[in-house]
Amino acid sequence: MTKYSESYCDVLIVGAGPAGLMAARVLSEYVRQKPDLKVRIIDKRSTKVYNGQADGLQCRTLESLKNLGLADKILSEANDMSTIALYNPDENGHIRRTDRIPDTLPGISRYHQVVLHQGRIERHILDSIAEISDTRIKVERPLIPEKMEIDSSKAEDPEAYPVTMTLRYMSDHESTPLQFGHKTENSLFHSNLQTQEEEDANYRLPEGKEAGEIETVHCKYVIGCDGGHSWVRRTLGFEMIGEQTDYIWGVLDAVPASNFPDIRSPCAIHSAESGSIMIIPRENNLVRFYVQLQARAEKGGRVDRTKFTPEVVIANAKKIFHPYTFDVQQLDWFTAYHIGQRVTEKFSKDERVFIAGDACHTHSPKAGQGMNTSMMDTYNLGWKLGLVLTGRAKRDILKTYEEERHAFAQALIDFDHQFSRLFSGRPAKDVADEMGVSMDVFKEAFVKGNEFASGTAINYDENLVTDKKSSKQELAKNCVVGTRFKSQPVVRHSEGLWMHFGDRLVTDGRFRIIVFAGKATDATQMSRIKKFSAYLDSENSVISLYTPKVSDRNSRIDVITIHSCHRDDIEMHDFPAPALHPKWQYDFIYADCDSWHHPHPKSYQAWGVDETKGAVVVVRPDGYTSLVTDLEGTAEIDRYFSGILVEPKEKSGAQTEADWTKSTA
């Protein structure tokens, strides 16, 4: 007899891949702050990923993982990507190395691309979720959604649960995907070579079996992170718009046996007639090979998956590698995929149900964007949802998720459309070969796409949380509003510790007001600094208005000062308290100066800030610059936060200047 149950939750995340886990990790911080917040994450698989899948982590993703406390653990296991080798056919049709270029543009970030298989990345995120949420958030397996109802009339009611989900608990048998007869672990069961009906069949109860418990869940919000064949997206009726090529690629994770000289270096290889290969060196001597296959998709996109075996992929790889030898000593995983670029028309319904990751955009894996873009989707959504659920922000900010991430997804599709066709095309034999791809054009696209692929080039348009119109961009030329606030080295004033300023901007739901105090030893400049500090301590400042009386002054908006003096020329106590220098706290004032073991970083110059007059920069909880103004720009700061934050019932109120000469003992 089927059991039925009923429950309530604030957020239900469907899918425990990279997008779903990132959503859970960001939201776990708000669960820590508000333990009665109920966040659930479900997945139809009985276990997480152990082999294969995505593997590349780009610069911006690593920066975000650092702010979540995850980057160091992942980097300790990952394989570094530093140089890409380009191979093209010579006059005899044999591949030869024609160039080497940096994998990541030098200076673009303190990180550059690394690779580690998805299973290990997910493991680190899962451990972090358990730690931060005190095990309140766990992946529940195997569950599958079967029905979703949305009461749009209740969408704007903050206390309502307008989304009703019906979930079914699956048996272990039905939650273990078929491997299509291959002995090697593979992902053909969820690659885009199969139809939606075929994927659904993998997870249906066997004939004659009874379904498990049915649970009705009343949700405030739902996030669909359930992949390219997203059930959530289809239930919402959102269409994927775009096109597919007839190119088919195979993928191998293997320990190779080869005399190819760059087998442990990232490579882009174009052969004369046999197709192309991309090489991605992995951890533990594994190498990933993206191998273009000779087979093409039939009209309508139908593909016979039984034709794609490891042997077929290896055989084609041997042709492309000629005259070098190539074989596989150990095969860890394989799959095949059909190149296509599609993006859904909408990313949310009533700002109550959202979709993210592959559920709303699909593309080729060549530029290492799939996992990265998916994680950054929910990194963007998570802080906005967290602030709304904890009563700190207005629901209007949720509209900016679709505004920001749909625009980026479309840019990604356009980039991948060009890049994947250049990669899959046959090299031009000469300048008169109009059907072939110019290798010079390919290299140019590769280099130009480097910054885009790194994730550091995102520039969000004007919206509620990104105030370009009011900003005085000339005051911080390189802190471009809408782009991520780039980390630079600084010295912590209290003890002279050299550090990256980005490490101070942990992802915990706080906005930052970064006070570039400039030359604070100058009397005129210090007068400006004191006036700004007096504003922050006043009854009507954004700190006083939006901070609850029972909370620390920096718990909602974190004020951090960076001055351009040498720390020997000014003392911490010279800065006005408590706004800029909270009593007995020492991580609020930093200097752009040299230290015993590091030269002067010239970070003011890197940020494009005048070393005398300074500036004020507001940074969102996800690390993106949202407002640039000066020390007199309090009206702009007031206006920015008034459109986003909600005043608590009991406010912090005005603060009086601390007297450092008196003991509190």
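Think of each number as a place in line: the chain as shown, counted from 1.
Each residue, glycine too, has its Cβ placed from N, Cα and C.
Annotated features in Swiss-Prot:
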BINDING   18-19, 43-45, 51-56, Q118, Y290, D358, 368-372  FAD binding site
BINDING   D55, Y290  substrate binding site
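When Cβ atoms from all protein chains are considered, those within 10 Å of Q369 (FAD binding site) total 25, not counting its own. For the recorded site, Q369 (FAD binding site), the DSSP three-state label reads coil. The local packing around D55 (FAD binding site), expressed as other Cβ atoms within 10 Å of its Cβ over all shown chains, amounts to 25. If you count neighbouring Cβ atoms within 10 Å for each of the binding-site residues P18, K44, Y290, N372, the highest count belongs to P18. Secondary structure at P18 (FAD binding site), taken from DSSP and collapsed to helix, strand or coil, is helix.
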